[in-house]
Amino acid sequence: MVEGGATTADRTEFTECWRTVWKTPYIMRLALSAGIGGLLFGYDTGVISGALLYIRDDFEDVDKKTWLQETIVSMAVAGAIIGAAFGGYMNDRWGRRVAILAADLVFFFGAIVMAVAPNPWVIIIGRILVGLGVGMASMTAPLYISEASPARIRGALVSTNGLMITGGQFLSYLINLAFTRAPGTWRWMLGVAGIPAVVQFVLMLSLPESPRWLYRKDRVDEARAILEKIYPANEVEDELNALKLSVDAEKADEAIIGEGMIAKVKGALKNRVVRRGLYAGITVQVAQQFVGINTVMYYAPTIVQFAGFASNSVALALSLITSGLNAVGSIVSMCFVDRYGRRRLMLVSMTGIIFFLVILSVVFMEASSHAPKIGGVESAHFGSNSTCSAYLTAPDAPRWSCMTCLKADCAFCANAASEFHPGACLDSSKAVRGECRAENRVFFQQGCPSKFGFLAVVLLGLYIISYSPGMGTVPWIVNSEIYPLRYRGVGGGIAAVSNWCSNLIVSESYLSLTEALGAGGTFFLFAGISTISLVFIYFLVPETKGLQFEEVEKLLEDGYRPRFFGGKKEQSKDQVESA
């Protein structure tokens, strides 16, 4: 049993989801069409990691300035913060469907701007536009799916959004590999992002609004017509009655607090049930980012280069492994989220994340301490004009290693005989890089040759396997279930904004952290933050598996405490009915 309150679903496994959608394929049509919003999210997350390698090649300013690389990556996140906040308003004012259509339009134009960008600053503008679309879609898609799903399979269907996110990431790496030798490389990588936005826009034009939103707007007949396509005939009236109770309560609250967004936010923060929902929703969204996942998603090829693989194409190919495992993990989540529960999956996931982050940090620290030495003869071979100026003037130059060279903003040209023999410490300019490669040597700028490199990639994969089935998808499911109907838009918006703010902090600081702490130290920092997050999840996040929205509201009203701290053991449906 999972702690956290009674569940009314006696069979909420993935097989039940399959049986239900087999009988009612309309449900899956709704879920997959809305889930393309997750594909946009995932593609944008993954594509920039590969495109950044080639943007650095085209623009020397980007190659030289870590902060400019971080800005190109993170401005999409900054746009998503605004998009998520505005998406909450659009969801409540104009409906879930309209919000998704608007997200598609903004995302499409952002992709076009990036593809034709003449300089890094125009790329940044395009990234902001794309971020606006991603932010709106990130909180609207799971909400739409949740409100159009029967409670017994809601978790599995909302997980399709997570599957689309990870599938989008995997697709982005395939697209990156496909265009590595094409003229324009990164322009194609970023421009292709507009295609799924167009596909979703066309599909959503033929789909209805959320039945729950329609009922709230007194469009009862339309809501009933949609529910009749989703539920068996004998369940439609029960669902309508449940909606009536929620809407009546919502209207009673609005008579007191008002209808505007600011009034709703104030009302949400004053409402004890919503506050408790926000404690749980914000906790899991912030934790999802501070485990460091988007450092892997945004910078995966760069991290692979930190591990000792200098080639752009090799780094992209190895990164494909991590994105593929992320997609597989989402399928695992769909199979088990309604069987074992949201809370249990997150706790197990966080434990694995912490373990592998600690091991990763140790491996990167060992790789750093065993970096190849700098050879004076090797460096002099290319001439003083090509040699790193900091190395030439350093009093401790004989003790320099490849890692010392990279920390001085220079580059390591590997020994012609073996990458692990002493090499040259050179200037990192394009001209010098060409001189090094002209002698069939490998030019390292992001990481050093390492015998630990393959082990680091394996551990990255295990980290992803731990993350994806739990912390990868469950936070979005929890946030689609945890708030009362009348506050679902504003609650989901606040939680999504917290997710994107955390994402912005992580993505904007990662490369700077690796310069200051090294890759090993940065992963160890994430492990410490993840441990704190695990404690917060344990104390603040209840189980919502199989509960109707109204039952979740009652659970929060009663208050939640873990079983070991005075909470009640979960009861089965039969126990509840016989009590």
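For all residues, glycine too, the Cβ spot is worked out from N, Cα and C.
Per TrEMBL, the feature transmembrane segment maps to 30-55 (among others).
Per TrEMBL, the feature domain 'Major facilitator superfamily (MFS) profile' maps to 30-545.
According to TrEMBL, the feature transmembrane segment maps to 67-86 (among others).
Among the features that TrEMBL reports, transmembrane segment is placed at 98-117 (among others).
Summarising the annotation, TrEMBL assigns transmembrane segment to 123-145 (among others).
Among the features that TrEMBL reports, transmembrane segment is placed at 157-179 (among others).
TrEMBL lists 185-207 (among others) with the feature transmembrane segment.
The transmembrane segment annotation in TrEMBL covers 278-300 (among others). Listed by sequence, the residues of this chain that lie at least six past the ends of the transmembrane segment (278-300) yet keep a Cβ under 8 A from its Cβ atoms are 45-46, 48-49, 52, 73, 169, 268-269, 315, 319, 322-323, 326, 346, 350, 353, 357, 460, 463-464, 467, 471-472, 474-475, 478-479, 482-483, 491-492, 494-496, 498-499, 502-503, 505-507, 510-511, 522-523, 526, 529-530, 533-534, 536-537, 540-542.
The annotation transmembrane segment is assigned in TrEMBL to 306-333 (among others).
As annotated by TrEMBL, transmembrane segment applies to 345-365 (among others).
Sequence annotations record features per position, and here TrEMBL assigns transmembrane segment to 452-478 (among others).
Residues or ranges marked as transmembrane segment in TrEMBL: 490-511 (among others).
For 523-541 (among others), the entry in TrEMBL reads transmembrane segment. With a cut-off of 8 Å between Cβ atoms, the residues of this chain six or more beyond the transmembrane segment (523-541) that come close are 279-280, 283-284, 286-287, 290-292, 295, 342-343, 346-347, 350-351, 353-354, 357-358, 360-361, 364, 478, 513, 517, 560-562, 565.
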Is it true that the transmembrane segment (98-117) and the transmembrane segment (30-55) have 3 or more CB pairs under 8 Å, sequence gap of 6 or more?
yes
Same-chain residues at least 6 beyond the ends of the transmembrane segment (67-86) with CB under 8 Å of its CB atoms are 44, 48, 52, 55-56, 61, 103, 106, 110, 120, 123-124, 127-139, 298-299, 493, 496-497, 499-501, 503-504, 507-512
Have the transmembrane segment (490-511) and the transmembrane segment (123-145) got at least three CB pairs under 8 Å, pairs 6 or more apart in sequence?
yes
Counting only pairs at least 6 apart in sequence, do the transmembrane segment (30-55) and the transmembrane segment (345-365) share 3+ Cβ pairs under 8 Å?
no
Close approaches to the transmembrane segment (345-365) from elsewhere in its chain (Cβ under 8 angstroms; 6 or more beyond its ends):
284, 287, 291-292, 306-307, 333, 336-337, 452, 455-456, 459-460, 462-463, 465-467, 469-472, 474-475, 518-524, 526-527, 530-531, 533-534, 537-538, 541
